[in-house]
Amino acid sequence: MKFIIKLFPEIMIKSESVRKRFVKILTGNIRNVLNKYDDTVAVVKHWDYIEVRSKNIENRTLLVELLGRIPGIHHFLEVEEKPFVTLHDIFEQTLSDVATQIENKTFCVRVKRKGKHDFSSLDAERYIGGGLNQAVASAKVQLSKPDVTVRIDIENDKMMLIKARHQGIGGYPIGTQEDVLSLISGGFDSGVSSYMLIRRGSRVHYCFFNLGGATHEIGVKQMAYHIWKRFSGSHKVRFVAINFEQVVAEILEKVDNGQMGVVLKRMMVRAASKVAQRFGIQAIVTGEALGQVSSQTLTNLRLIDEVAESLVLRPLITHDKEQIIAKAKEIGTEDIAKSMPEFCGAISKSPTVKAVKEKIEQEESYFDFSVLESAVQNAQYLDIRQIAEQTKKEVSEVDEITVLSANEVILDIRSPEEVDDKPLEISGQNIILMPFYKLSSHFAELDQSKNYVLYCERGVMSKLQALYLREKGFDNVKVLNKIS
């Protein structure tokens, strides 16, 4: 099984030294991601493409899914490589592969060629296309918008019949740009802004300001872990949790109501700047969009940035909410975001849209900054890969079982792609498919007289979701530790 990885076009127009560095980094990223699932994978870089080979045909669907999420890949081709001697050899091998595909359909042949041959690409297209047209009586050549396009790459003495073309997410390989720290709240905006910086080649770390207790933290961890695992699993990243409840209490007690929103954001930026400095991170990322809420006017954003000791990036600054939600749906964070309450907007009833610097500074003079310093000093730093281990401790009150009884219902909370790749089949057992990101909105609709056993491949999401549901008041949940 072989894939040809085509690079993001912006990589190809870089200088030779930069392009080589980007391709080297992308090759390493692909290897890091795929080797976790298939130890037979070989990744080889070439001048303008990367070659991926695997001996495990059964992993095809999984590898296609994984490659489609790695930043830096524009698209990739699933190919079958064969040797040839003459142009007629190419025709015969193509015929055996595509004859059934072009029956009763229109088709055309497209050839790309490298190396020295006694025929041109156009000669090959005409010869192979004419042969297919004669050999398959019900097929008809049509050069414009055919039903089937037969694509063949010829390089020296080998032909590659392109079986399928898959789209990548584009962008730059992770590690080609500096690290950033994303202020993630669990909502639509912060998840999408994190993804956009990942796609642009930055390793994204996460900073979470806890305003809503354990339930809030669990939901945000779910989102951060999902984004990391899906799009940036090639790299280690940090998850930083800062308890901001006392900071909010101080603001509510001492700051004028209309100024609270801007003051809170300034406190968050101050804290995030300290975290960024500690780890040598170059920039802070937020999900703010111009005019979306009262604190996101140009005047207020300028005042917020004044206290930043790091560059503040706002990739969504010109995006509409509709665009942001559509992107959240595309990357798989929409349902998590839907279940997340908006804490920041709840602390001020009459927020100012045009804050005055002197007024903000006057209000902040009443604030006890030792509360902010204490919150930063007591921040929790976690390797995002350790979320599973930490969750084990946090969900100790949730039963983990290895043997199922007849009256227990399994909730398979894996994504639809994972379920398709490895269906869970247990004889005599009732299994309900409900992706983890739909639990918060759909679990209450289930028959609550039954006990539900949550299952996922590695146990991370099932434990997080079990704790989340317990926090919501559902006691009828357990975790499937191992299939028996």
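Cβ atoms here come from the backbone N, Cα and C positions, even for glycine.
From a predicted model like this one, the values you see are computed outputs, not experimental measurements.
Record features, source Swiss-Prot:
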type: ACT_SITE; residues: Cys456; note: active site, cysteine persulfide intermediate
type: BINDING; residues: Leu183, Ile184, Lys265, Gly287, Gln296; note: ATP binding site
type: DISULFID; residues: Cys344-Cys456; note: disulfide bond
type: DOMAIN; residues: 61-165; note: domain 'THUMP'
type: DOMAIN; residues: 404-484; note: domain 'Rhodanese'
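Taking the Cβ of Leu183 (ATP binding site) as centre and 10 Å as the limit, one finds 25 other Cβ atoms among all the protein chains shown. With Leu183, Ile184, Lys265, Gly287, Gln296 listed as the residues that bind ATP, the site has a largest C-alpha separation of 16 Å. The residue listed as 'active site, cysteine persulfide intermediate' and Gly287 (ATP binding site) are 30 Å apart (CA-CA, integer value).
Cβ neighbours of Ile184 (ATP binding site) (same chain, under 8 Å, six or more residues apart in sequence): Ser190, Gly191, Ser194, Tyr206, Cys207, Phe208, Val220, Met223, Ala224. Cα separation, Leu183 (ATP binding site) to the residue listed as 'active site, cysteine persulfide intermediate', rounded: 28 Å.
If you take the C-beta of Cys456 (active site, cysteine persulfide intermediate) and look for same-chain residues 6 or more apart in sequence within under 8 angstroms, you find Asp412, Ile413, Arg414, Phe436, Ser462.
Sequence-distant contacts (6 or more apart, same chain, Cβ under 8 Å) of Gln296 (ATP binding site) comprise Glu288, Ala289, Leu290. For Gly287 (ATP binding site), other Cβ atoms within 10 Å of its Cβ number 25.
Using a 10 Å radius centred on the Cβ of Lys265 (ATP binding site) and all shown protein chains, the other Cβ atoms total 22.
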